[in-house]
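Here's the structure we're looking at; comments come further down.
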Amino acid sequence: MENKKVIVGISGGVDSSVSALLLKQQGYDVTGVFMKNWEEDDTDEFCSAEQDIADAQAVCDSIGIPFKKINFAAEYWDNVFEHFLIKYKAGRTPNPDILCNKEIKFKAFLSYVHLLGGDYIATGHYAQTRLAADGSVQLVKGLDDNKDQTYFLYTLGQEQLRQTIFPIGNIEKSKVREIAKENNLVTFDKKDSTGICFIGERKFKEFLSKYLPAQKGEIHDENGIKIGMHDGLMYYTIGQRQGLGIGGVKDRPEVPWFAAKKDLENNVLIAVQGHDHPLLFKQSLQAIELSWVAGMAPADKFRCAAKVRYRQKDQSCEVEVNQDGSVNVTFDQPQRAITPGQSVVFYIDDVCLGGGVII
């Protein structure tokens, strides 16, 4: 470890704070860097970037490591946000956190780490790396199953993983808070952020409407009968119940309505009644833009487990790789609310193989 230089991304949260502390305790030469990836365009209550910077600075001062700030707002806009808007406009529901890890934290930030003369990059993700028998680096689930974040990291390749340390990957979240408290870090009881990567806790619909004009349209039931109006297809995600604005439809039972499908051609949202309506379930999917941690798929056809959303339990499936690199995934059990634009991520036991974007 002696003199190995690690640059840790400090977000102002408890996970990255403890990551920096542990690295320092392990004898690394540690520098904390706060990435500013979004230019605030308002002063509303949800813009907490200033507080995050102050907390990040306080943590670094407390640990006794240098603190730096870097602005990646232009890179974030070009490589994450614009892509995000294009997908939303097309009626997809993209996952910006995955793209942010790929384009910002493990690309733009990694380049900056090299400029600083860093040997390693470190983040507060709940994930682990492991050396496989063939010398490749595996991306492994975090010890805390409830917090495992490999779903968001599946685009990382060998070169990135060889230069990455996840200091809290083998620790439970409760223990992380305990360590922060014992060491008097100001972030010990700070709540976890749930907003979109770097856009914070703002009201999403309001936020999106600033950038994309919404096209209102009709909501139909599965038989094509109009039952309401929607505010714009981009605001809805498959399986969504809240915010459909359908209530008390004449001659229909008082059962909740769910968004089941988007008819993009006709700008119609199709809704069905009941959480377990058959139209909400599918047994297969196709995915594109595949990324394999090892550099290639394990085989042309293989069995594994998959998640179609963060925190979903692993689902057994068969994966078939097509000539064009896309995959067909067939699940043993039908899956609820498979959402185009979201990612499907593959696992064998606790090893993340990679993933792709659902179409």
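A Cβ is built for glycine as well, from the same backbone N, Cα and C atoms used for every other residue.
Residues or ranges marked as ATP binding site in Swiss-Prot (evidence: sequence analysis): G9, I10, S11, G12, G13, V14, D15, S16, M35, G124. The Cβ neighbour count for S11 (ATP binding site), using a 10 Å radius and every protein chain shown, is 23.
In the three-state DSSP assignment, the secondary structure recorded for C100 (disulfide bond) is helix. Among the features that Swiss-Prot reports, disulfide bond is placed at C100-C197, with the record citing sequence analysis.
For C100, the entry in Swiss-Prot reads active site, nucleophile.
The secondary structure of H125 (site 'Interaction with tRNA'), as reduced to three states from DSSP, is coil rather than helix or strand. Around H125 (site 'Interaction with tRNA'), the same-chain residues at least 6 positions away in sequence with a Cβ under 8 Å from its Cβ are D15, G142, Q149, F152, L153, F166, I168, G169. Per Swiss-Prot, the feature site 'Interaction with tRNA' maps to H125 (among others); the stated evidence is sequence analysis.
Residues annotated as site 'Interaction with tRNA' in Swiss-Prot: Q342 (among others). Long-range Cβ proximity for Q342 (site 'Interaction with tRNA'), meaning a same-chain Cβ under 8 A and a gap of 6 or more residues, is found for T93, P94, N95, V308, R309, V357, I358. Q342 (site 'Interaction with tRNA') falls within neither a helix nor a strand when secondary structure is assigned with DSSP, and so counts as coil.
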Seminar exercise, completed: The sparsest Cβ environment within 10 Å, among the binding-site residues G9, G13, is found at G13
Exercise. Could you state the CA-to-CA distance between G9 (ATP binding site) and C100 (disulfide bond) to the nearest Å?
Worked result: 13
